[in-house]
Structures are given as structure tokens and as C-alpha cells.
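Q: First the structure, then my questions, so here it is.
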Amino acid sequence: METVITATIIGASILLAFAALGTAIGFAILGGKFLESSARQPELASSLQTKMFIVAGLLDAIAMIAVGISLLFIFANPFIDLLK
């Protein structure tokens, strides 16, 4: 039973790490493309900024969903019931 709990915690940690990595890479690409497009067409900067903030919110949702799934696995582990 301890191995299942340990494996679940390690899996949740890996899930959080990849979610944070994906969010960081997504924000880096998003910011770079926003600056590039604003420099190319400055008159569209306000429109692009609104769209950038919407996409940034969706990128943050990835990390929040990963936190929720990890908390589910850590505190309400569904795999322990399979051992009984």
C-alpha cells in the first residue's frame, strides 16, 4: 500500500512539473509573438493585447487543472480502493 501512495505522490509531482513547464513555455512564446506582432503593426497593439490576456488566462487554466488533479490524487487517492 505504501508503494501505491509513493507512486501516486511521485506521479502528482511529475504532473505539476510538466504543467508548470508547459505554462512557462507557453507564456514565453505568447509574449514573444505579442511583442513581435506589436512591433510589426503598432496600430493593432490594443486589439492584440486583449487577445493575449485571454490566451494567458487559458494558459493559467492548464496549471490550475493540474493542481486540482494532483490534489485529488494526493488526498482522495482512488487507487487505494483497488487494493482492498
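Heads up, the Cβ atoms here are built off N, Cα and C, so glycines get one too.
This is the feature table in Swiss-Prot:
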type	residues	note
TRANSMEM	9-29	transmembrane segment
TRANSMEM	54-74	transmembrane segment
SITE	ASP60	site 'Reversibly protonated during proton transport'
Q: Is ASP60 (site 'Reversibly protonated during proton transport') helix, strand or coil when read with DSSP?
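A: Going by the DSSP assignment, ASP60 (site 'Reversibly protonated during proton transport') falls within a helical segment, counted as helix.
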Q: Determine which residues of the chain contact the transmembrane segment (9-29) at the Cβ level, with the cut-off under 8 Å and only residues 6 or more beyond its ends counted.
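A: Sequence-remote neighbours of the transmembrane segment (9-29) are 56, 59-60, 62-63, 65-67, 69-70, 73-74.
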Q: Which chain-mates of ASP60 (site 'Reversibly protonated during proton transport') that are at least 6 residues away have a CB under 8 A from its CB, listed by sequence?
A: THR23
